[in-house]
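Asker: Sharing the feature lines straight out of TrEMBL:
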- A:20-532: domain 'Cytochrome oxidase subunit I profile' (DOMAIN)
- A:37-57: transmembrane segment (TRANSMEM)
- A:77-104: transmembrane segment (TRANSMEM)
- A:116-137: transmembrane segment (TRANSMEM)
- A:164-190: transmembrane segment (TRANSMEM)
- A:202-230: transmembrane segment (TRANSMEM)
- A:262-280: transmembrane segment (TRANSMEM)
- A:287-306: transmembrane segment (TRANSMEM)
- A:318-336: transmembrane segment (TRANSMEM)
- A:357-383: transmembrane segment (TRANSMEM)
- A:395-415: transmembrane segment (TRANSMEM)
- A:427-449: transmembrane segment (TRANSMEM)
- A:469-490: transmembrane segment (TRANSMEM)
Amino acid sequence: MSLYIDIPEDKEQLPSLKTGQGKLAWMASVDHKQLGIMYLWLALVFFVIGGLEAMMIRAQLALPNNDLISPELYNQIFTMHGTTMIFLVLMPASIGLGTYLIPLMIGANEMAFPRLNAFSFWMTCLGGMLLYFSFFAGGAPDAGWFNYAPLSENNYSSTQGVDYFLVGLILTGIGSIGAALNFITTVLTLRSPDIKLNMLPLFVWMIFVNAFLMLAAFPLLNAGLFMMLIDRQFDAHFFLASTGGSAILWQHFFWAFGHPEVYIIALPAFGIISEVIPVFSRKPIYGYKFVAASSIAIALLSYSVWAHHMFTVGLSNTVNAFFAISSMLIGIPTGLKIINWIGTMHKGSIRLTTPMLWAMAFLICFTFGGLTGISFAIVPITWQLTDTYYLVAHFHYVFLGGSLFGLFAGIYYWFPKMSGRMLCSKLGKWHFWLFVLGFNLTFFLQHVLGVLGMPRRIFTYPDLPYWKVLNMLATLGAVMMFVGMAIFFWNIYKTLKKPRTVGENPWDAWTLEWATPSPPELKNFDEIPRVHSRRPLWDINNPDNPDKKLN
Amino acid sequence: MTNHYLLQATDVELIANLFNYFLIVAGIIFALVIFYTFFYLIRYGAKRRPETPSQVEGSERVELILAIIATTITAVFVYLTINTMEKVQDIPENPKPFLEITGHQWWWEAKYPESGVITANQIYIPTGKKILLKLTSADVVHSWWVPELGRKMDMIAGVNNYMWMYAEKEGEYLGTCSEFCGVQHARMRIRVTALNPKDFEAWQQKQLLPVVTSTDALFLEGKQLFEEKTCTNCHAINGTEFKQNIGPNLTHFASRKRFLADMKENNEANLRAWLTNPQAVKSGVKMPNFILSDSEIDALVAYINGLK
């Protein structure tokens, strides 16, 4: 039985950094590791851009009645900040880690569709570039990242920005759908014959479940985007009430995608945490079955919660009650996962490395974001606090405290595998503390601002009691995060200049990617170790105390 | 007497109570997560326990117990949510609104259907009375939110939404548009003035009086300019032939304390700056710069400030 699949073009070698075709690989490679790294670089570049936009927002809001930035520009900046961070940072970073690691973790040599893999990456990249081209074409989109009709329709737009938004996101959406197809097919067909589905590492499992979410969510978004594009280009009036359309219809389309999207961004981070915490606690994950099954519950429920973004549009109490219940239910599997992660640490032997630090920050900040999320399932609280800074604070706790901290844990954890070099842990700790403390300073206080009545998406605000000092402190926190990120980039730069010194398995981890050289060769595996449990390398390193055989 | 209190509680109090219950439960859960994370980090640190730990894979019993606890808490909050929701969003079959508010980019149009008063931005309500609001929009989606007086509700073109608003005490209540509505969303703020029923009635009666006319030359010149410069294409003034209702209704404009959706105090200097170049005061607004001469502005200010 062959332990790897032949890549169709294997005979005429594919261009890659490792085949001596040098820089061409950055254009033409279909190697999943090369593409995974390219996804991560793409995310990093856009993270810098989106981060600078965030700094502009914080500079403008540092003082009341500030006129540093015009309202027209401010609206473009916050729209681009949100769109960039969701579609061009958190998405490609999660997909990138998946693309790099899934074949390695299941004992495969490639993704199922290597060319589709490259196509997906380039679609995402092209979408991002088109989106940013809008700045040179008269103006960036300025109707917010959820682009509500009719503000986003022709009558209320003075630039082509929204058109670039629509076309750009349609392209990244196509890329995401391609990536999802690829993940599903790869996991279903290319696993080492030893690995049954219930033996998948949890990171692979989460990406697998996530791919089904993406496969169903992105077509919805793209349908909506196309309808709005037809509205804007050919006057179709799908979302214009004055001519028989419905502004609320757009909201349904967008959030039916938008809420699954939150989990699409969160599940990969859950997967990372489910790898990092066990390895550094020296114990298997607490309740593997529960963590795996609860992800399916989350995926299914996430399709029936979208209207909790719309509790103020005037839906009936019956409809509100349905979406309130489903939104609260989704908190149960998510909340219990946190207990599983903490349970994994119980009676462990915990090594507080940089990835583990990020995982701990994830546990606390994501819990906080999850809890404030529950408050938005409680309909009457939404009636007061939605679209205020309390909401802004909530979703930053989910997206940064959850997804981004998880991704940082993953990057520090797998960086030695990808580059053959260990990121400096001292600089890593500086990055960690500055970023985490700055993050909490900025966003914790914003909950208070929201309760005090400050709405989101305002380019300036009157000098009401406490608003000034809280906003100033929030800006200070943003500066701390900015410095932390500068240290992170310096760390990457410094580390990449050093020679490769890391062995196969620097963390003494358990999954198959750690059975390859760091970084892996173009062909991942010449031979794969036999796999009998969820932790093949544990079994090899602890022959006297192996895990229970599952096959 | 807790029950009695709850029966009497206003919408704002009901929601605040619910938020407090949530804070207590969420606070306890969060404290437990922080405690166990730090406790385990310290107690089970590798320095203290360098040996390989026992490879426990979890306990289904514990998972089940925790799932039951979580479901119970959820059930309690589902009950509280639905209960509060039905009290707050309790709109009669054929709603007869006391006040109709229409959101515009970026100002508020207000009509009192019972009395027939029409005004803009400066909104008065009587105290001690639950007021039914009808909300809609003339253009993009806006959202009405005065946190101390009630819930928020979106204003959507083609849709009539209803909500209750209640002021116990006299005073001024600040609010804001809370759905992003374009360039000047930040300056679409609300100021609601609650008056005791007697004063409110007096205010209404005053608003219903025909506009004062003056024989002052400058006033009349302003009136003529108001027509010639096409101000009348957008602005209505009740009791005159100016009836277009696109911009704010300017009847009794001089009686308003602030203008431009609570952005500026209504005084001569601000009005002058506004007429000189609206775009410099509030960029993006629908009122164009009419490039008026100083003497024209003098006349227009005299006219508009004469609309008492």
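Just so you know, glycine gets a Cβ as well, placed from its N, Cα and C.
TrEMBL labels come from automatic prediction, so no person has curated them.
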Asker: When each of A:77-104, A:116-137, A:202-230, A:318-336, A:395-415 is checked against the transmembrane segment (A:37-57) for Cβ pairs under 8 Å, which one has the most?
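Answerer: It is A:77-104 that shares the most Cβ pairs under 8 Å with the transmembrane segment (A:37-57).
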Asker: Which residues of the chain, 6 or more past the ends of the transmembrane segment (A:262-280), have a CB below 8 A from one of its CBs?
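Answerer: Residues packing against the transmembrane segment (A:262-280) from afar: 86, 90-91, 94, 97-98, 201-207, 209-210, 213-214, 217, 291, 295, 298-299, 302, 337, 341, 344-345, 350-353, 355-356, 358-359, 362-363, 366, 395, 398-399, 402-407, 409-410, 413, 507-511.
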Asker: When you scan the chain for residues with a C-beta under 8 Å from the transmembrane segment (A:77-104), skipping those not six or more beyond its ends, what do you find?
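Answerer: Result: 32-33, 35-40, 42-44, 46-47, 49-50, 53-54, 56-57, 69, 110-111, 117, 120-121, 124, 127-128, 131-132, 140-145, 161, 165, 169, 172, 176, 179, 182-183, 186-187, 190, 203-204, 207, 210, 261, 264-265, 268-269, 272, 399, 403-404, 407, 410-411, 414, 417-418, 457, 512-513, 516, 520, 524.
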Asker: Quick test of the contact rule: Cβ under 8 Å, at least six residues beyond the ends. What residues does that give for the transmembrane segment (A:116-137)?
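Answerer: Distant Cβ neighbours of the transmembrane segment (A:116-137) are 28-30, 32, 35, 38-39, 42, 46, 49, 76, 80, 83-84, 87-88, 91-92, 95, 99, 159-161, 164-165, 167-176, 178-179, 181-182.
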Asker: Which of A:164-190, A:318-336, A:395-415, A:469-490 shares the most C-beta pairs under 8 angstroms with the transmembrane segment (A:202-230)?
Answerer: A:164-190
Asker: Using a Cβ cut-off of under 8 Å, list the residues of the same chain at least 6 residues beyond the transmembrane segment (A:395-415) that approach it.
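Answerer: That would be 40, 85-86, 90, 93-94, 97, 100-101, 262, 265-266, 268-270, 272-273, 275-276, 279, 353-356, 358-359, 361-362, 364-366, 368-370, 372-373, 421-423, 428, 432, 435-436, 439, 442-443, 446, 495, 507, 513.
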